[in-house]
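What follows is a single structure, written as C-alpha cells, with notes after it.
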Amino acid sequence: MSHNDTIVAQATPPGRGGVGILRISGLKARDVAQEVLGKLPKPRYADYLPFKDVDGSALDQGIALWFPGPNSFTGEDVLELQGHGGPVILDLLLKRILTLPGVRIARPGEFSERAFLNDKLDLAQAEAIADLIDASSEQAARSALNSLQGAFSARVNHLVEALTHLRIYVEAAIDFPDEEIDFLSDGKIEAQLNGVIADLDAVRTEARQGSLLREGMKVVIAGRPNAGKSSLLNALAGREAAIVTDIAGTTRDVLREHIHIDGMPLHIIDTAGLRDASDEVERIGIERAWQEIEQADRVLFMVDGTTTDAVDPADIWPDFIARLPKNLPITVVRNKADITGETLGISEVNGHSLVRLSARTGEGVDVLRNHLKQSMGFDINMEGGFLARRRHLQALAEAAEHLEQGKAQLLGAWAGELLAEELRLAQQSLSEITGEFTSDDLLGRIFSSFCIGK
C-alpha cells in the first residue's frame with residue numbers, strides 16, 4: 001500500500017448514532033468532493049449538501065467540511081462527510097466513495113501516520129491521540145491531552161537541544177587539541193553534562209508517573225484457599241465481582257478488576273487458592289495463578305489470621321516465598337481481624353509491609369488502598385504531567401546510561417572521542433521518542449494499534 005493513495009474510513013464508532021463521519025485524505029479527496037457533493041466546499045466552512053450516488057440520486061444529506069493541504073490534520077487534502085449515523089447509510093456512502101479510482105480503505109492509524117510523516121505531529125504526539133481515546137480516568141485524559149499538545153515532546157526536545165550544544169563544545173575541544181586551554185578538563189563540559197543529567201532525571205521521574213497513569217500497576221492477590229482473597233477483591237472493587245463461599249477452592253480461574261485510587265489505575269487480580277490439588281480444573285487454575293504472580297508488580301499475600309499468629313511471610317509459608325520471583329514486592333495481608341481482634345493498620349516486618357484488615361466488613365481496606373498508592377510512588381499533586389509508554393521509559397533509561405558512561409569517560413580518562421560518541425547515542429535514544437530516529441517496523445507496530453479512522 002502506498003502513501004500516495006487516497007484513503008477513506010469511518011471516523012465515528014460503528015453502530016447506530018446521531019451522526020456518522022467519513023474521513024477522506026489524499027490527492028483524490030478533491031475528486032471525491034466533486035463526485036459525491038457536486039462541488040468543492042469552501043475551505044474550513046460547514047456546507048449542508050446532499051451526498052450523491054453514482055446515478056445522481058441522494059444517499060444522504062449532511063455537513064461537508066473541506067480542509068485543503070497542508071493546513072489539515074494529515075497535511076494532505078482532507079474531506080469530512082458528516083451524515084446520519086445509521087450503519088447502512090454509512091456503508092452505502094463508503095461503497096460509493098470506493099468506486100472512485102485511487103481510493104482505498106485506510107489501515108488502522110493511517111491518518112495519524114500520515115500526520116506524522118508530513119510533520120504535523122511528532123511520534124509522541126501521535127501516540128497521545130490513542131492514549132487520549134483509551135484514557136480510563138480524568139487525570140489520564142488530561143495528561144494525554146498535555147502530551148498531544150506537545151508537553152512531553154517539548155521536554156525531550158529541550159534535552160536534545162542541550163545535548164547538541166554540548167556535542168558542539170566537545171567536538172571543538174577534540175578538533176583543536178593544541179589550544180592553550182584544555183576544554184575537556186576546565187570543568188565547563190562537566191558542569192553542562194551534569195545539568196543535562198539532572199534535567200533528564202526530572203523528565204524520567206515525570207515519565208514514570210505518566211506510565212503509571214497509562215499502564216497502571218498489576219496487583220495479584222495470592223494465598224491459600226479460603227484466606228479471603230475474593231472478599232478482598234470485592235472490597236477493593238466496591239462490588240460483588242467474585243463469588244464468595246466457605247468452600248475451599250471456590251475460585252478456580254483468574255478474576256480481573258480494573259479500579260482507580262485517586263486517579264491511579266490498578267489491575268487487581270484474584271487467583272485460585274494455592275495448594276496441591278487433585279482436581280484437574282483447580283490444578284489448571286493454580287498454574288494460571290502462578291503465571292499471574294510471576295508477571296505482577298506487587299503481590300498481596302493473603303493470610304487467614306485465624307490459622308496462624310505469624311507475621312513474617314517466611315514463617316507463614318516458606319515454600320510460597322521461596323517460589324516467588326526475586327525482588328517482587330510483597331504485602332502481607334492478615335485477614336479476618338474482625339474475628340481475631342487484631343489492631344487494624346499497617347506495619348513493617350523484616351522489610352515487608354503488613355496490613356491487618358477485615359475483607360468481609362471492609363475495616364482496614366482504606367489503609368491497604370493508601371498503601372498501594374504510596375507503593376507506586378504516585379504523586380496526585382503533580383501538575384502539567386504527560387502520559388508515557390514503556391518504550392519512552394526505555395529510551396530515557398538508555399539515554400541516561402549513555403550520559404553516565406560519557407561522564408565516566410570524561411572524568412576517568414578525559415577521552416573526548418568516547419564522550420562524544422556516548423553523547424551521540426544518548427541524543428539518538430531521545431530522538432526515538434519523537435520519531436526523529438525510528439525504524440519502520442516500530443512505526444508499523446505503533447500505528448497499527450490505532451482506530452481505523454485515526
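The backbone N, Cα and C atoms fix where each Cβ goes, and this holds for glycine too.
Record features, source Swiss-Prot:
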{"type": "BINDING", "residues": "Arg23, Glu80, Lys120, Lys454", "note": "(6S)-5-formyl-5,6,7,8-tetrahydrofolate binding site"}
{"type": "BINDING", "residues": "Asn226, Thr245, Ile247, Thr250", "note": "K(+) binding site"}
{"type": "BINDING", "residues": "226-231, 245-251, 270-273, 335-338, 358-360", "note": "GTP binding site"}
{"type": "BINDING", "residues": "Ser230, Thr251", "note": "Mg(2+) binding site"}
{"type": "DOMAIN", "residues": "216-377", "note": "domain 'TrmE-type G'"}
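For the pair Arg23 ((6S)-5-formyl-5,6,7,8-tetrahydrofolate binding site) and Ser358 (GTP binding site), the Cα-Cα distance reads 54 Å. Cβ neighbour count within 10 Å across all protein chains ranks Lys229 highest among the binding-site residues Arg23, Lys229, Lys336. Here the candidates are the binding-site residues Glu80, Lys120, Ser358, and by Cα distance the one nearest Asn226 (K(+) binding site) turns out to be Ser358. Within the group of binding-site residues (Glu80, Lys120, Ser230), the Cβ with the highest number of other Cβ atoms inside 10 Å belongs to Ser230. Each residue contributes its Cα atom, and for Ser358 (GTP binding site) and Lys120 ((6S)-5-formyl-5,6,7,8-tetrahydrofolate binding site) these two points are 54 Å apart. Taking Lys120 ((6S)-5-formyl-5,6,7,8-tetrahydrofolate binding site) as the reference point, none of the binding-site residues Lys229, Ser230, Ala272, Lys336 has a C-alpha atom within 10 Å of its C-alpha.
Averaged across the domain 'TrmE-type G' (216-377), the predicted model reaches a pLDDT of 83. It is 51 Å from the Cα atom of Glu80 ((6S)-5-formyl-5,6,7,8-tetrahydrofolate binding site) to that of Ala272 (GTP binding site).
The separation of Ser230 (Mg(2+) binding site) from Lys336 (GTP binding site), Cα to Cα, is 13 Å. A count of other CB atoms within 10 A of each Cβ picks out Ala272 as the most crowded of the binding-site residues Asn226, Ala272, Ser358.
Annotated pair Ser230 (Mg(2+) binding site) and Ala272 (GTP binding site), C-alpha to C-alpha distance, rounded: 9 Å.
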